[in-house]
């Protein structure tokens with residue numbers, strides 16, 4: 001997950017020259033690193049920003065339609081780092097036993113289809129000059145008891161344009177594995193993840209982020225598993241940008257990278273805060289913008305520490321404290337802490353037993369309000385007493 005920003009910095013020019021000759025890569029210049037990391041930061045911020053606002057729209061549509069989506073429970077959040085660790089170590093073992101070319105070939109085909117399905121987030125960019133003509137594809141199968149729908153799908157000409165464009169990008173990635181195609185897929189995955197993955201409440205988000213905080217530190221600092229998988233895994237689960245772009249152009253090959261997990265995981269929590277802002281009905285998105293700025297500062301801290309210590313860094317080590325501590329401190333200052341922890345995207349329905357208990361409690365409260373205790377004896381408030 002912390003397919004962390006990675007860079008190899010040599011201490012002197014002779015070592016740099018020999019490394020360049022051995023690997024065939026052009027050493028990164030300061031200008032090239034600024035361009036690369038600046039681009040990675042921008043590509044990380046955009047999916048969170050647009051995905052968060054799309055999640056608000058998606059949430060409203062769910063409420064209006066009465067849809068009850070599956071949300072991550074607190075138990076799911078606690079188990080997620082364990083499941084992710086098992087999956088990560090499993091991939092590491094696979095890469096140690098089997099040829100990574102065959103594994104990556106299988107994964108490339110899988111992400112090719114996923115990417116084509118994810119890229120239609122660009123549908124709003126289709127030029128208005130192209131008419132948006134609606135279509136309805138409807139296949140039925142007749143029978144004695146009536147017709148059964150086999151296919152009942154509505155789409156428009158803009159959807160067809162998107163499908164063609166996405167297929168071209170997918171074919172480009174499938175054939176060339178070009179870093180631009182990889183990033184287009186990666187950004188599309190990140191936007192969809194932030195938009196569609198809902199934490200439901202802040203407590204679940206805190207459990208998930210704290211668990212992945214420990215997960216990231218262990219697998220990056222404790223072992224070489226994370227970095228090995230990140231380098232071997234040729235799939236659009238990370239954003240990459242060449243540090244030698246200024247020297248080599250689009251054929252550059254000395255990449256810096258950032259894992260999608262470092263974007264999507266904090267992103268779904270930041271999107272939850274945007275929906276919480278909307279629930280407060282204050283016509284401001286204070287918690288969203290403040291936490292969004294904290295995420296940016298955490299990402300910059302990751303890059304800074306990486307270059308100071310010349311070692312790969314688990315990005316969540318810096319992003320989790322920034323994304324959790326900032327909104328919680330702000331909520332304490334503004335007096336919204338209780339409201340923040342009580343907020344739920346989709347309030348859970350009470351069971352019949354719980355509902356009965358609530359009614360009984362309300363009845364007892366009402367009765368207590370109509371009675372008083374005098375000398376250890378309960379009397380009606382309508383009785384006269386001295």
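From the backbone N, Cα and C atoms, a Cβ is placed for every residue, glycine too.
For reference, TrEMBL has these:
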type	residues	note
TRANSMEM	34-56	transmembrane segment
TRANSMEM	77-98	transmembrane segment
TRANSMEM	110-130	transmembrane segment
TRANSMEM	151-174	transmembrane segment
TRANSMEM	206-230	transmembrane segment
TRANSMEM	250-274	transmembrane segment
TRANSMEM	286-309	transmembrane segment
TRANSMEM	315-333	transmembrane segment
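Sequence-distant neighbours of the transmembrane segment (315-333) (same chain, 6+ residues past either end, Cβ-Cβ under 8 Å): 1-2, 4-5, 206, 209-210, 212-213, 215-217, 258-259, 261-262, 265-266, 269-270, 273, 286-287, 290-291, 294-295, 297-299, 301-302, 305, 339-340. It is 34-56 that, among the stretches 34-56, 206-230, 286-309, forms the most Cβ pairs under 8 Å with the transmembrane segment (250-274).
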